[in-house]
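Visitor: Sharing a structure here in structure tokens format.
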Amino acid sequence: MASNSTLLAFLCLVGLMVGASLAQLNPSFYAKSCPNLAKIVNGVVANALRTDARAGAKLIRFHFHDCFVNGCDASVLLENAPGIDSELDAPGNQGIQGLNIIDDIKSAVEKACPRTAGGPSWIVPLGRRDSRTANKEGATNNLASPFEDLDGLKAKFSVFGLDSTDLVALSGAHTFGRSRCAFFSHRFANFNGTNRPDPTLDPAYREQLRRVCSSSETRANFDPTTPDKFDKNYYTNLQGLRGLLQSDQELFSTRGADTVAIVNRFAKNQDEFFKNFGRSMIKMGNISPLTGKKGEIRLNCRRVNSPPRADEGHDVM
């Protein structure tokens, strides 16, 4: 069966056809061992989207939160167990959703291709394997915070070889999905100790959000215009001071920043956004993958495998 990190790399819904590879990763990695992998994964994701418009946003968030901690190795999926301090308990992952969709995909792939080692979309380089460890500390420190300024965002992306264009393009995933009010309500009043609201948040939009936020756990749409559609409106929202998170608006409202021109370019041309998003997703998906004999292919997304018996062979290790 395909590894969980490979499945995470598949679960994104915008794109273009772009070829790329790194180390042993290859778009045709499963061509013989599981030739219908893409069709199986796309089918389960399409079914999830019929009942949950936010399914795509949930899965992209998992992919992002996985790659920024120990590389793209599915460590974010591991739950607490002996020797495993789950990344799911780190502050940036609390409230993350979509594990049920990943479990459904895993079940479908396992049924079609048991124990096989080894929206629009782009060609995803395949062949990643799954980590046998998690890194809660890394999940706490490596993930970008919604309260982050632009310098902090750039620093966290730069560590993984991602530049300003990657930062702006990947942030565009906030064109759909939702966020808890706890992550942006600090912008309503006494922002950064000024006794005033965040000046980069449109006043009318601020009051709209204030009405939505009945509690810190209430969720608001990232995009107030087309909340369930993957489009360029994330960038036009930033131009209108309607970025939901402080970390979103920093891309456009930081004076003299190189990200401003990139936001303007994507706001003007959706195809340009889509092209760069696909490239940046591939680039992010190539962060320190486990390949070859490293790691394993988990049978259960949330647990490391038990040591194989002598008569089982080694296809999942």
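One-based numbering along the chain as shown.
A Cβ is built for glycine as well, from the same backbone N, Cα and C atoms used for every other residue.
What TrEMBL shows for this protein is this:
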{"type": "ACT_SITE", "residues": "His65", "note": "active site, proton acceptor"}
{"type": "BINDING", "residues": "His174", "note": "heme b binding site"}
{"type": "BINDING", "residues": "Thr175, Asp223, Thr226, Asp231", "note": "Ca(2+) 2 binding site"}
{"type": "DOMAIN", "residues": "24-305", "note": "domain 'Plant heme peroxidase family profile'"}
{"type": "SITE", "residues": "Arg61", "note": "site 'Transition state stabilizer'"}
Visitor: Taking every protein chain in this structure into account, which of the binding-site residues Asp223, Asp231 has the most other Cβ atoms within 10 Å of its Cβ?
Guide: Asp223
Visitor: Using an 8 Å cut-off from the Cβ centroid of Thr175, Asp223, Thr226, Asp231, can you name the remaining same-chain residues around the Ca(2+) 2 site, in sequence order?
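Guide: Here the non-site neighbours turn out to be Phe176, Thr225, Pro227, Asp228, Lys229, Phe230, Lys232, Asn233, Tyr234.
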Visitor: Just jot down the residues in the same chain as Arg61 (site 'Transition state stabilizer'), at least 6 apart in sequence, with C-beta under 8 A of its C-beta; none if empty.
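Guide: Long-range Cβ contacts: Ile96, Gly98, Ala173, Gly177.
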Visitor: Could you state the CA-to-CA distance between Asp231 (Ca(2+) 2 binding site) and His174 (heme b binding site) to the nearest Å?
Guide: 10
Visitor: Need this for a regression test: recorded positions His65, Asp223, Thr226, filtered to those with Cα within 10 Å of the residue listed as 'heme b binding site'. What's left?
Guide: Asp223
Visitor: Which chain-mates of the residue listed as 'active site, proton acceptor' that are at least 6 residues away have a CB under 8 A from its CB, listed by sequence?
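Guide: Non-local contacts for the residue listed as 'active site, proton acceptor': Val76, Glu87, Gly92, Asn93, Ile96, Ala139, Leu143.
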Visitor: If you count other Cβ atoms within 10 Å of each one's Cβ, which of the binding-site residues Thr175, Thr226 has the most?
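Guide: Neighbour-count leader: Thr175.
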Visitor: Please work out the number of neighbouring Cβ atoms within 10 Å of the Cβ of His174 (heme b binding site), leaving out its own Cβ.
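Guide: Result for His174 (heme b binding site): 23 neighbouring Cβ atoms inside 10 Å.
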